[in-house]
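Right, one structure below, let's go through it.
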Amino acid sequence: MTDLYAVVGNPIAHSKSPLIHRLFAEQTDQDLVYEALLIDTEDTTFQFAISDLIARGYRGINITVPFKLDAFELADELSPRAEVAHAVNTFSFKDGKIFGDNTDGIGLVTDIEENANRPFKDQKVLILGAGGAVQGILQPLLEKQPGLVHIANRTAKRAEVLGKRFETFSPITSSDWEGIPDQAYDIIINGTSASLEGKLPPINSNVVGQDSLVYDMMYGAEPTIFMQWAQQHQPSCQVRDGLGMLVGQAAEAFYIWRGVRPQTQSVIDEVRRLIQA
């Protein structure tokens, strides 16, 4: 019997997750169907929508904007990484219980360490933004033992609060945009959504070194404005968008559900080709 899975969110029509999971299923010879489903909160609640999917026999669900906090609150049991992130992007349904997990961080770490070939260990890391996206990546990143992590945000207080929450994993410094220490970083991660609006975080270009990896968690058909900005200032730096993170978090969810870990680079290449077509 074919197993049912889906991604839920609002909006959802743009989601690449059904394509990604179809490619994973083909690669690993798994019998499943994966759909993108809109949850319209004018017609229903998140809790009712999930109950309906369970009743219809779905085995697991991915959760995207704006329901990751609702998912965190609805889960009967949480993985340690979801508990720390205070957000859930993956549900598994088993024995009448909802298990919540967060695969965003492992998606980013895998993409940077394996696909970009840049281990975090002992590296100087600058993270831009202190919202939900950054919250979800911090624990897996810090477990890789970077040498230094600085979180910068429009409001320094939010960055400071986030840093304190995760300081048991690794020492973290924080500031507003103006307070970023004036030095080059090995890895720079843009966890803001500024690129979606064609905007840049107001930071000094000195943070980009000749050998920096500059990573934007957003992605599109063209290099993001943040990637373009980095290469204008340091043509030799390495730039990468968040498509690999998207595929990486999907691969981790696929592994949770199916017990099989798919290879990601070929899927990244295929999705990129279709986005650019």
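Glycine residues also receive a Cβ, built from the backbone N, Cα and C atoms like all the rest.
These come from Swiss-Prot:
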type	residues	note
ACT_SITE	K68	active site, proton acceptor
BINDING	S15, K16, S17, T64, N89, D104, Y219	shikimate binding site
BINDING	G129, A130, G131, G132, A133, N153, R154, T155, A156, K157, R158, M217, G242	NADP(+) binding site
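Distribution of Swiss-Prot features across the structure.
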residue: K16; record: shikimate binding site; DSSP class: coil
residue: T64; record: shikimate binding site; DSSP class: coil
residue: G129; record: NADP(+) binding site; DSSP class: coil
residue: A156; record: NADP(+) binding site; DSSP class: helix
residue: Y219; record: shikimate binding site; DSSP class: coil
residue: G242; record: NADP(+) binding site; DSSP class: coil
For K16 (shikimate binding site), which residues of its chain lie six or more apart in sequence with Cβ-Cβ distance below 8 Å?
L246, V271, I275
Does DSSP give D104 (shikimate binding site) helix, strand or coil?
helix
Counting Cβ atoms within 10 Å of each candidate's own Cβ, which of the binding-site residues S17, T64 comes out highest?
S17
Of these binding-site residues, G129, G131, which scores lowest on Cβ atoms within 10 Å?
G131
Tally every other Cβ atom lying within 10 Å of the Cβ atom of the residue listed as 'active site, proton acceptor'.
23
Could you tell me the C-alpha distance between G129 (NADP(+) binding site) and S15 (shikimate binding site) in angstrom, no decimals?
23
Rounded to a whole angstrom, what is the C-alpha distance between S15 (shikimate binding site) and R154 (NADP(+) binding site)?
28
Pick out which of the binding-site residues S15, N89 has the most other Cβ atoms within 10 Å of its own Cβ.
N89
Long-range same-chain neighbours of G242 (NADP(+) binding site), Cβ under 8 Å, sequence gap at least 6?
L108, Y215, D216, M217, M218, Y219
Cβ distance under 8 Å to A156 (NADP(+) binding site), same chain, sequence separation 6 or more: which residues?
S174, S175, D176, G179
Test of understanding: give the count of other CB atoms lying within 10 angstroms of the CB of R154 (NADP(+) binding site).
15
Reported as an integer number of Å, what is the Cα distance between T64 (shikimate binding site) and R158 (NADP(+) binding site)?
22
Count of other CB atoms lying within 10 Å of the CB belonging to D104 (shikimate binding site):
29
